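Trainee: Pulled these from Swiss-Prot:
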- Cys144, Cys147, Cys157, Cys160: Zn(2+) binding site (BINDING)
- Ser351: ATP binding site (BINDING)
- 12-22: motif ''HIGH' region' (MOTIF)
- 348-352: motif ''KMSKS' region' (MOTIF)
Amino acid sequence: MSAPILTSVAWPYANGPRHIGHVAGFGVPSDVFARYQRMRGRDVLMVSGTDEHGTPLLVQAEKEGVSVQQLADTYNKQIVEDLAGLGLSYDLFTRTTTRNHYAIVQELFTTLYSNGYMVKQTTLGAISPSTGRTLPDRYIEGTCPICGAPGARGDQCDTCGNQLDPADLIDSVSKINGETPKFVETEHFLLDLPALADALGEWLESRQDWRPNVLKFSLNILKDIKPRAMTRDIDWGVPVPLEGWADNKFKKLYVWFDAVVGYLSASIEWAHRIGDPDAWKKWWTNPEAKSYYFMGKDNITFHSQIWPAEMLGYRGLGSRGGTEGKLGDLQLPTEVVSSEYLTMSGSKFSSSKGVVIYVQDFLREFGPDPLRYFIAVAGPENNDTDFTWDEFVRRNNNELANSWGNLINRTVSMAAKNFGEVPDISGLELTDDDNALLDLAEKTFDIVADNIEHSRFRAGINEAMHVVGEANAYIAAQEPWKLAKDEDQRDRLAVVLHTALQVVSDCNVLLTPYLPHAAQKVHETLGRTGEWAAMPRIDEVTDDTPVELMGVGLPEEGRTYHVITGEYSHQQAAWKRIPIEAGTTLKKPKPIFAKLDPELAETGPEWAPVVH
């Protein structure tokens, strides 16, 4: 029996709509992985939600003149619509402002505190001299004191990868208004990472099959590991569940302490919503289960250090020892899958500067398939990559429409025109060319599978598209349009078209994790019925998940919100050759993919930003 697969996907901030750079990093790769695993018959749980705490929401709410909760409600709904429209097959996409989430986060904090891994310390906190507001780490920039790189943030230098304290930055300034922050003494709880360093290091050393950049980064930050503050001077977030702190409205848990717990709380919420409250344990306390975490490279440290450290401390596995918490033996990540950045015509995506393409606009103009294809074949898997309209149009027209779409269209069209059905070739001989193409397609199942299993999504789709190219070359060489004119060649025509139809079917299986919307259409074009690739749906739910753990300052009960969920177990999609059945009725097909106007290659649609 295969291991259960937990697919944990980074939580997007609910401070605005998502742009295509966001979904290139966490969205499409995770869905390709989850869909493939389901096709292998494995038990998959894919979870995420909107991250609704932290200063970015406070700042945006102030700009829009609404409360933080109103802002979160608005963008939770928008993000849910965007991600569902892209076909991301979450079992549950929820949010961090639920009663269940608060209670689970506080359970981890109190257990870490009881086990001695939360230590109280006086630190220097940054405030804005003009407003008196606390400035969070990520809203302070300056020169890195370690490597000298400009633009280092108050929590981390992206150039050298080291964690930082805001007070350590050279020539620090506020990203909000450009003023020099004032540093004052404040009391916080810090996660004692040095006490967990040996356990973290031992675990990381066992992760040799990770992407090299992720493993190297994660090991490097262990070299100078320090305690890290897990509380903040802020009035929006999860309350600190300790006497003297819980009723202090200006002390909350650090957004990244609570965000990573979201994978666990979402799994627990999902279990309650399906009516099996203990179902989550199959993926979380089962040593045989495997867990994969998908995110952009700027979030590696929170998933390869902070979250594993929280789980180790919760289980009492650091140098201070301790007692395992009520939720049990939480299992560490199997792999942290990080993507690099997607830029636009050489510029970093920036909503404030207007250099942005929102998912909602893209879906409205082009639908999900072209975006999913571009991200899969040209996305930022191992290095930063650039989105240009020229490259997008070229990929869509030459590869998606002309190569894959044309193979489907001409194969089914010729079979429908000449036979009206899948031709029967029983008793007929296949040539070496026929067998070579069929063998290539069948062998490619294992090749693509190995690539997806090891998070090499670009290599996987390239292998599938190689078969598409070989199938087009086969049709060009066999010239079925000429065979159709010679009655003596009718048997040969049947073999050629049957072979081509089988390979179209094979390619559709190979491409289903990448292009599920198109895969359903191809399934039907081949004369098949039923649901091949299941799609997510949006539900409006009530915040009524039973809170079985003690919690303080929980959100109001009974609020409604939108989630993404779905029923994926009944889909027909399976990772194997599905034999073409002779006699299946075929009709003249409709184009699966639209060719785009070449003029779009210049600057994109009218609504698109112009980047010089």
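For all residues, glycine too, the Cβ spot is worked out from N, Cα and C.
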Trainee: Below 8 Å Cβ to Cβ and six or more residues apart, same chain only. Which residues does that give for Cys144 (Zn(2+) binding site)?
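Mentor: When sequence neighbours closer than 6 are ignored, Cys144 (Zn(2+) binding site) has Pro150, Ala152, Cys157, Thr159, Cys160, Asn162, Leu164, Leu169, Ile170 within Cβ distance under 8 Å.
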Trainee: By DSSP, what is the split of the motif ''KMSKS' region' (348-352) into helix, strand and coil residues?
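Mentor: In the motif ''KMSKS' region' (348-352), the DSSP-based counts are 0 helix, 2 strand, 3 coil.
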Trainee: What's the CA to CA span in angstrom from Cys147 (Zn(2+) binding site) over to the residue listed as 'ATP binding site'?
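Mentor: So the Cα of the residue listed as 'ATP binding site' lies 29 Å away from that of Cys147 (Zn(2+) binding site).
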Trainee: Just jot down the residues in the same chain as Ser351 (ATP binding site), at least 6 apart in sequence, with C-beta under 8 A of its C-beta; none if empty.
Mentor: Gly16, His19
Trainee: Identify, among the binding-site residues Cys147, Cys157, Cys160, the residue whose Cβ has the fewest other Cβ atoms within 10 Å in this structure.
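Mentor: Fewest other Cβ atoms within 10 Å, among the binding-site residues Cys147, Cys157, Cys160, is found for Cys147.
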Trainee: Taking every residue in the motif ''KMSKS' region' (348-352), what is their average pLDDT?
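Mentor: Mean model confidence (pLDDT) across the motif ''KMSKS' region' (348-352) is 80.
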Trainee: Inside 8 A of the center formed by the CB atoms of Cys144, Cys147, Cys157, Cys160, which other residues of the chain have their CB, for the recorded Zn(2+) site?
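Mentor: Residues close to the Zn(2+) site, other than Cys144, Cys147, Cys157, Cys160: Pro145, Ile146, Gly148, Ala149, Ala152, Asp158, Thr159, Gly161, Asn162, Leu164.
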Trainee: How would DSSP class Cys160 (Zn(2+) binding site) in three states?
Mentor: coil
